[in-house]
Amino acid sequence: MTPPTDAELVERFVRQREAAALEELLRRYEEPLFRFLYGVLRDHHAAEDVLQETFVQALRSLEGVRPEGIRGWLFTVAHQQAALWKRRRRNWPALLAEDVDLPSTAAPEAELEQAEESVWIRQSLRLLPVVQQEALHARYYEGKKFREIAASLGCPLGTVLARLHAGLKKLRQMWEERHGR
């Protein structure tokens, strides 16, 4: 038996909400999209983060996509997410770094600010729902891949992606409220 086409998988997920169809579609495109994003961003962790955002965006918008055009659409979404990541990077500090690791030549004010941000992040993470905390901790503090997180939490990959996306979105909102942006 031949494996289902991408279009068939999209149809099965959109019409029947078949989780296995979505899992297979994500599995097929995870590596090619990651390679594409790594080529664009030249940063392994950034490529993984943007891949996550790409999949989350895909989950949100899959119903409006022409099933036979899914491959091109996914790469377009990935390219858009990479451009968005580059824009945000200019304004968004590396908030999820657990340890402050500044060179000893840094000004005391900069060290203090970095330490305060690190404390703020840990405190803010505690304000999120537990499922988002678990997913974010596994991803950013333990360095687990999406599938590893899904296996350790005992939930589907799509659920992990949604939890990560929601948690990061809430952290960004809290950061922007704190800094008046």
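Cβ atoms are placed via backbone N, Cα and C, with glycine included.
Keep in mind the model is a prediction, meaning the values are calculated, not measured.
TrEMBL lists 25-90 with the feature domain 'RNA polymerase sigma-70 region 2'.
For 120-171, the entry in TrEMBL reads domain 'RNA polymerase sigma factor 70 region 4 type 2'.
The average pLDDT for the domain 'RNA polymerase sigma factor 70 region 4 type 2' (120-171) in the predicted structure is 86.
Counting residues of the domain 'RNA polymerase sigma-70 region 2' (25-90) by DSSP class, helix then strand then coil, yields 62 helix, 0 strand, 4 coil.
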